[in-house]
Amino acid sequence: MEAIVALAFAFLVFPFSSPAQALSSNCYDHTCPQLESIVRRRCDASVLLNSKGKNKAEKDGPPNISLHAFYVIDNAKKALESKCPGIVSCADILALAARDAVAMSGGPSWEVPKGRKDGRISLASETRQLPAPTFNISQLKQNFAQRGLSIKDLVALSGGHTLGFSHCSSFQNRIHNFNATLDVDPTMNPSFASKLRSVCPAHNKVKNAGSPLDSSNLIFDNAYYKLLLQGNSIFSSDQALLTTPKTKALVSKFANSQKAFEKAFVESMIKMSSLAGGQEIRLDCRVVR
């Protein structure tokens, strides 16, 4: 997973507040009033999309190993600890950073409910629970459902692939040795597949080779859905959205209306970022207390 969607799903790896703890948009008004401005200053969209992180925790687990935006979270946490020590959770910082990255890329903004706590486990292996780019529709549905997320949430949050970049390893399965008889996934637009094969040859040795996730990958728009309907999607998990009538209908709806997509995306982000779980406020987002 890349950029915004990967950031969003990291919400589910940093477990959040328990059900007894209500979230509030003004949670830190008195205890850390500079919170949102501090996070926003560290959320330049191009940095979130292109910078490289080095910390070995959830942020570097297998499904989202190229999720470089986490270094922004680390920097924001350091700044907040100097202003409001021990007050703001990494989970809340992450929720705000995801919102700001979308807004800075021309997408919608929204009030982020705050007051989450962080989980007590921080292992790279934990991110194996995140949806992989090779997932089929059954695996995607199951992955979302076990977190209380609907099919509409699945399709809306997949639209986060309108931003970002993917390394070849995440879509190599579609353009080389697809199955016993075909080298390339037949659902792909042939010219698009050819372009990807030129960038990512079978025995690619260029570490940072890959492709933008859509044709306007620095702008938050509904191009992802339009390209998906044209056979120009990057991941198997993208193409999977066209394999059931309900998910395909939602793809078509969002392709035809950016307003409908943005509304659904915001609703799903708020829903996901309000999931329950954690017990502490980390002082360092890489390390449990």
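Placed from the backbone N, Cα and C atoms, the Cβ positions cover glycine too.
Listed in TrEMBL for this protein:
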- Asp44, Ser46, Glu58: Ca(2+) 1 binding site (BINDING)
- His161: heme b binding site (BINDING)
- Thr162, Asp214, Asp221: Ca(2+) 2 binding site (BINDING)
- Cys90-Cys285: disulfide bond (DISULFID)
- Cys168-Cys200: disulfide bond (DISULFID)
- 1-22: signal peptide (SIGNAL)
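Of the listed binding-site residues Asp214, Asp221, the Cβ environment within 10 Å is emptiest of other Cβ atoms at Asp221. Closest to Cys200 (disulfide bond) in space, going by CA atoms and restricting to the recorded positions Cys90, Thr162, Asp214, Asp221, Cys285, is Asp214. Among the recorded positions Cys90, Cys168, Asp214, Cys285, the ones whose Cα sits within 10 Å of the Cα of His161 (heme b binding site) are Asp214, in sequence order. Of all the disulfide-bonded residues in the record (Cys90, Cys168, Cys285), the one with the smallest CA separation from Thr162 (Ca(2+) 2 binding site) is Cys168. Excluding Thr162, Asp214, Asp221, which define the Ca(2+) 2 site, the same chain contributes Gly159, His161, Leu163, Leu213, Ser215, Ser216, Asn217, Ile219, Phe220, Asn222, Ala223, Tyr224, Leu227 within 8 Å (Cβ to the Cβ centroid), listed in sequence order.
In this structure, the C-alpha atom of Cys168 (disulfide bond) lies 14 angstrom from that of Asp214 (Ca(2+) 2 binding site). Annotated pair Asp221 (Ca(2+) 2 binding site) and Cys90 (disulfide bond), C-alpha to C-alpha distance, rounded: 28 Å. Put simply, Asp214 (Ca(2+) 2 binding site) is 30 Å from Cys285 (disulfide bond) when counted between their Cα atoms. Scoring each of the disulfide-bonded residues (Cys90, Cys168, Cys200, Cys285) by how many neighbouring Cβ atoms lie within 10 Å, the top position goes to Cys90.
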